[in-house]
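Colleague: One structure is given below, represented as structure tokens, and several questions about it will come after.
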Amino acid sequence: MKLVLIFLIINFLLIINCENLIKVLDVRLAQTHIIPIEGKTWNLKNKTQHMSIIGNRRALLLASFEDLNKSYYVSIWLDNKIIGSLELKDPSQLPQTEDNGERYSTKHHSVLLPKEWIRPNMKIKFTLTESKDNSSLNIDSSNFFYPDVSQDYTLKMWTLPFYLFGANDTNTQPFSVTNGIGSEITKELMERWSCSDIIAVNHPIQRIDWPYLVMEPRNGNPAMLITNSDQKKDGYAIMNGVLNILTEIREAFGESTSSIQIYSPLLHLGANGKYTNPGGGLGGGSRGTGDHKYTFTFFHEQGHAMGLPHAGEAFAAGSYPYVNGSLLGSEWGYDANHNELLGTFIPPTSDQFKNCRRNSVFDSKGRCVKQSVMQGGAGDYSSKYRYSMFADFEMTTIQNYFKNSIYYDQTKGTYKKWNDTSKSYFEYIPSTKNNGLWGLDDGTPIERDIEVYTILFTYSTVGPKELSQIYPILKSSKGNLMKRYDPTNKNDMKLITPGSGSWYCFASGCDYTVRVTFDDDSLEHILLRQGKRKYWNPMGDFKENLYNATSSNSFILRGINVKATKSIKKVELLETLMAWKGISNATVLVSKDF
């Protein structure tokens with residue numbers, strides 16, 4: 001009899017609950033953009049792109065109800081337990097639009113959810129009274145809603161200023177200005193980039209001060225050594241050279257497969273001995289360079305660093321959804337620092353507003369629509385801001401950039417990767433892929449946070465001699481060390497000899513070795529995964545154009561780290577053809593005493 005009574009009571013409560021179910025018309029969450037709670041998906045060129053909510057980042061909850069006149073509460077659930085509850089503000093208190101522009105909505109209640117609540121597998125329920133227990137049978141409640149919350153990740157960025165051709169703190173900008181982006185800039189970047197947090201600090205190398213730069217063959221021009229910025233053959237030549245150096249630094253520090261970014265402010269002198277502006281920027285592959293101001297050039301190039309193309313070109317190719325690289329059709333943005341919504345139209349205090357009708361896309365109300373930051377829209381922002389906004393679609397590229405990276409967990413001393421199916425990190429053990437063809441241990445270091453010297457050098461097969469240089473050595477108090485092979489060690493050579501199962505020398509051969517002499521006359525030999533051979537032929541013919549001055553095959557730029565336990569007396573680049581056969585007949589190609 002008691003069981004029957006309990007059954008009837010439960011069914012009665014369910015009927016009441018169904019009759020009193022709060023009717024919710026729309027639920028959205030806003031971080032960089034206001035998107036549906038289930039995320040947003042695009043299908044372009046037979047490729048599906050999806051934008052999720054980022055975990056461990058605060059989010060503005062917007063909800064519209066059939067009855068606008070009631071007060072509502074939201075409860076956040078995780079593992080079938082309430083982790084928090086808040087009262088929603090009525091629609092009149094929805095955050096304002098930048099520059100007091102048109103309101104986003106007059107129907108949405110809203111509340112800012114703390115970052116600790118934004119986690120995978122969270123659930124949302126709306127009620128008319130505050131929920132303080134874990135009962136899901138509250139009268140006057142809604143169904144559950146299930147936000148698509150994905151990876152939480154911290155964007156780490158190094159800044160590494162380049163002072164070139166005599167540039168210094170006095171005749172250009174002081175290191176205190178160029179060495180980092182500052183907390184206020186970081187706060188605004190957090191509102192524009194899809195990430196949980198940002199750590200932006202000066203690189204362990206601190207800065208690079210070089211009187212010259214060796215430019216690789218480029219655009220039909222041979223390699224050349226330059227000592228002032230006016231000697232460059234094209235506007236991007238120096239910036240391209242800097243990016244190539246950053247590639248070597250990232251690899252030497254074991255960061256090539258990480259999501260760690262690096263940006264280098266470029267300060268150099270012209271032929272007149274005065275500062276010359278770089279005249280733009282260049283970025284890609286987790287690297288960027290440009291001027292020292294950390295404004296639109298920096299913002300644009302770091303978009304490239306995370307994999308974003310120029311939006312106009314992408315639209316023309318069918319891989320960007322909004323006309324001419326604009327934001328027409330993109331969701332509105334949100335800035336939690338200012339607690340205001342960002343329309344997709346150019347605000348009146350923007351420098352671009354006055355003349356925007358000359359070349360803008362217009363919305364249905366005749367307003368000038370913002371362009372993507374990646375297509376000339378870097379200035380389409382309210383005067384209170386430093387940066388404009390990306391399109392919602394571009395956040396998918398940024399999110400994927402982080403999903404595909406390897407992360408080092410400093411607290412555990414282990415690596416991890418993200419599983420987008422389970423919505424969780426898993427411990428990852430780096431391994432050597434493709435038998436070492438493209439490197440060892442997923443490009444991760446074998447030692448961390450030790451004092452290192454970074455040695456960067458160039459070599460030209462055709463000369464003149466000045467093109468083969470060992471740059472001034474750089475020292476870091478906290479650097480990383482990569483696994484390497486010593487060509488004087490027979491056991492090491494057995495591991496990479498062609499035919500042993502290793503493909504370490506199959507990309508272009510193993511024909512070069514760096515020899516470092518320390519102040520106690522001890523030696524260290526580091527075999528480079530670099531050679532003169534054709535692909536997949538480590539003992540065969542030399543590459544085409546190996547001795548063509550205008551071909552990149554005639555030029556080498558490489559960088560390595562070595563332990564800084566002793567001072568360096570000399571660095572040499574040796575020609576060690578098929579090094580696994582022995583290097584007793586090595587030829588010294590480049591040598592420099594320190």
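Cβ atoms here come from the backbone N, Cα and C positions, even for glycine.
So Swiss-Prot has the following annotated:
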- GLU301: active site (ACT_SITE)
- HIS300, HIS304, HIS310: Zn(2+) binding site (BINDING)
- 147-408: domain 'Peptidase M66' (DOMAIN)
- 1-18: signal peptide (SIGNAL)
Colleague: Whole-number Å distance between the CA of HIS310 (Zn(2+) binding site) and the CA of GLU301 (active site)?
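Modeller: The separation of the Cα atoms works out to 10 Å.
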Colleague: Return the residues near HIS304 (Zn(2+) binding site), defined as same-chain residues 6+ apart in sequence whose C-beta is under 8 angstroms from its C-beta, sorted by sequence, else 'none'.
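Modeller: In sequence order, LEU282, GLY283, GLY284, GLY288, MET374 meet the Cβ cut-off.
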Colleague: Give the residue from the binding-site residues HIS300, HIS310 that has the most other Cβ atoms within 10 Å of its Cβ, counting over every protein chain displayed.
Modeller: HIS300
Colleague: For Zn(2+), what surrounds HIS300, HIS304, HIS310 with a Cβ no more than 8 Å from their Cβ centroid?
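Modeller: Here the non-site neighbours turn out to be GLY283, GLU301, GLY303, LEU308, PRO309, VAL373, MET374.
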Colleague: When you measure from the Cβ of the residue listed as 'active site', how many other Cβ atoms are you left with inside 10 Å?
Modeller: 23
Colleague: So what pLDDT does the domain 'Peptidase M66' (147-408) average out to?
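Modeller: Value for the domain 'Peptidase M66' (147-408), mean pLDDT as a whole number: 97.
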